[in-house]
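Visitor: Quick paste of what Swiss-Prot says about this protein:
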COMPBIAS  152-169  compositional bias 'Polar residues'
DISULFID  Cys122-Cys128  disulfide bond
DISULFID  Cys192-Cys314  disulfide bond
DISULFID  Cys489-Cys492  disulfide bond
DOMAIN    430-574  domain 'Thioredoxin'
REGION    147-169  region 'Disordered'
SIGNAL    1-19  signal peptide
TRANSMEM  173-193  transmembrane segment
TRANSMEM  218-238  transmembrane segment
TRANSMEM  253-273  transmembrane segment
TRANSMEM  306-326  transmembrane segment
TRANSMEM  333-353  transmembrane segment
TRANSMEM  367-387  transmembrane segment
TRANSMEM  399-419  transmembrane segment
Amino acid sequence: MAHRILTLILLFCSAHASASLFGQQNASQFVPADQAFAFDFQQQQHQLTLNWQIKPGYYLYRQQIRVTPANASVAPPALPTGEPHEDEFFGKSEIYRDALSVPVTVEQAAPGATLSVTYQGCAEAGFCYPPETRTVPLSAVEPTESVKANAATPSAATGEQTRVNSDSPSATLPFSAFWALLIGIGVAFTPCVLPMYPLISGIVLGGDKRLSTRRALLLAFIYVQGMALTYTALGLVVAAAGLQFQAALQSPWVLVTLSAVFVLLALSMFGLFTLQLPASLQTRLTLMSNRQRGGSPGGVFAMGAIAGLICSPCTTAPLSAILLYIAQSGNLWLGGGTLYLYALGMGLPLILVTVFGNRLLPKSGPWMEQVKTAFGFVILALPVFLLERVLGEPWGVRLWSVLGVAFFGWAFVTSLNATRSWMRAVQIVLLGAAMICARPLQDWVFGAPVAESQAHLAFTRIATVDDLDRALAQAKGKPVMLDLYADWCVACKEFEKYTFSAPEVQRALDGAVLLQADVTANSAADVALLKRLNVLGLPTIIFFDAQGNEIPNGRVTGFMDAPAFATHLHNRLR
């Protein structure tokens, strides 16, 4: 009797272990989204606080948090800096663990107003949840004074979705304002600007070369500040205009138009045509400048301010490009600061010439035209950045490749005129850089390497519950595998790249009907399908037998490598 009881216990333990090993291996370890990311909120008058308690082993994506007010106006929330996170498919991002509190200022809320909060997260084990949306009822709040003052300018967060992260246009622009300083210094060495510095220096000093070094430095600095004032004002005006038309400036047709303008500005730097103010206006501004008295702080400052309005053919294109660039940001600080640093960069060589004389200036020559051409390539980087938003990442990579090949190819050809021996090493570097930049174009024209063009499973796409029922009915006695996929699911992409492409997996699935549902949009049909299948998150792969019934303990949640998945298939489909 004791022997039989012991045998039954061993059989039970063996069956339990087998189910744990080959069955629904990950389904029990993942909790519903409400438990993984417990959401709560509190409102006190104008201050609303959104709280998340994040279960250990789970995290929220910073860039996936959005708020959408209805019958209310809220200030754009500022999320705290998250923990750096990187994966193969989505690159660098920021995540939150443990707990998160986000303060939101409610500027105005009518009775019955609500705030929809959308968020998304994953488990560290490679399991991602669909975007979750919670509706927060808002207590009625009277408009603040700032809202009343700006009633003519609706808040960006009024009645439209606001993504509360650093993905605003100002944050995603490719260059920081510091680059404007370097661009200004570079423009100073173009053929239209550099030869003018000795003349401008003499005008600033009022023809008196007996001034002390301190006095000369002061006058030169004042002149540069006058020029910087004009440029800063231009930056503020353009950034403010960009702020008023922020949404329009992000539409595809505007981005394409701006890109075309940037290309024209670059062509002017290549010498195809001359771009400058009308001669009559330049003459009038020059006469105004000549009436100022050099050698005096007030007169020098006025000359600098007027000089900021007189654009030479070499400065018009870079200045126009920077102005259009900061209009994309709608950021007043960025607009004013960028143009100030640009003017400061142009003024630094003038300060050196005024204080130390012409001996610090390099000799004029063809190299100045090459500097001007190089800035044409810098301007061409801006349309590539803008078009990348419209055309998508693959075409963006190809455009960057074309620009890189063009720049390094031009630099290589230009360097062939050099006679110094050390330039041979530079030529090798330039040629190598051009070849590296050409790689995306080679892959596009001649096809990706064979190793990357692996055969993938031929899925039949379904979108609704009815599609699933029809596909199961038409399976004709074959087993069915349903793969639930979404673009925001990292492990789904890992399945696609590493598991489904493996020969042993494809052999194990031979004879099975392969279905796939893309639930990226999280639409009503997607939600209904996930609810019907009782799916918490992705990746989830479900197996059905020849009668259309789900195979017990066959469901896979979380990533599986090819050998483990092939073993699972043999145990469930055979």
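Keep in mind that glycine also has a Cβ here, set from the backbone N, Cα and C atoms.
What's the neighbourhood like for these features in this structure?
Guide: In the structure as shown, the Cβ atom of Cys128 (disulfide bond) sits within 10 Å of 20 other Cβ atoms.
Sequence-distant neighbours of Cys492 (disulfide bond) (same chain, six or more apart, CB under 8 Å from its CB) are Cys128, Asp483, Leu484, Tyr485, Ala486, Leu538, Pro539, listed in sequence order.
The average pLDDT computed over the domain 'Thioredoxin' (430-574) stands at 88.
Here the transmembrane segment (218-238) has long-range neighbours at 200-201, 204-205, 211, 295, 297, 300-309, 319, 322-324, 326-327, 332, 335-340, 342-344, 346-348, 350-351, 354-355, meaning same-chain residues at least 6 beyond its ends whose C-beta is under 8 angstroms from one of its own.
For the transmembrane segment (399-419), the residues of the chain that approach it from at least six positions outside its boundaries are 370, 373-374, 377, 380-381, 384, 387-388, 391, 426-427, 430-431, 433-434, 436-441, judged by C-beta separation under 8 angstroms.
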Visitor: What three-state class does DSSP give Cys492 (disulfide bond)?
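Guide: Once the DSSP labels are grouped into three classes, Cys492 (disulfide bond) ends up as helix.
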Visitor: Return the residues near Cys122 (disulfide bond), defined as same-chain residues 6+ apart in sequence whose C-beta is under 8 angstroms from its C-beta, sorted by sequence, else 'none'.
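Guide: Those within reach of Cys122 (disulfide bond), by Cβ under 8 Å and sequence separation of 6 or more, are Tyr58, Tyr59, Tyr61, Cys128, Tyr129, Val490, Gly537.
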Visitor: Does anything in the same chain, at least 6 positions from Cys489 (disulfide bond), have a Cβ under 8 Å from its Cβ, and if so what?
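Guide: Cys489 (disulfide bond) has long-range Cβ partners Cys128, Leu538, Pro539.
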Visitor: Determine which residues of the chain contact the transmembrane segment (367-387) at the Cβ level, with the cut-off under 8 Å and only residues 6 or more beyond its ends counted.
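Guide: Hits for the transmembrane segment (367-387): 173-174, 183, 186-187, 189-192, 194, 255-256, 258-260, 262-263, 265-271, 314, 317-318, 321, 324-325, 328, 395-396, 399-400, 403, 406-407, 410-411, 414.
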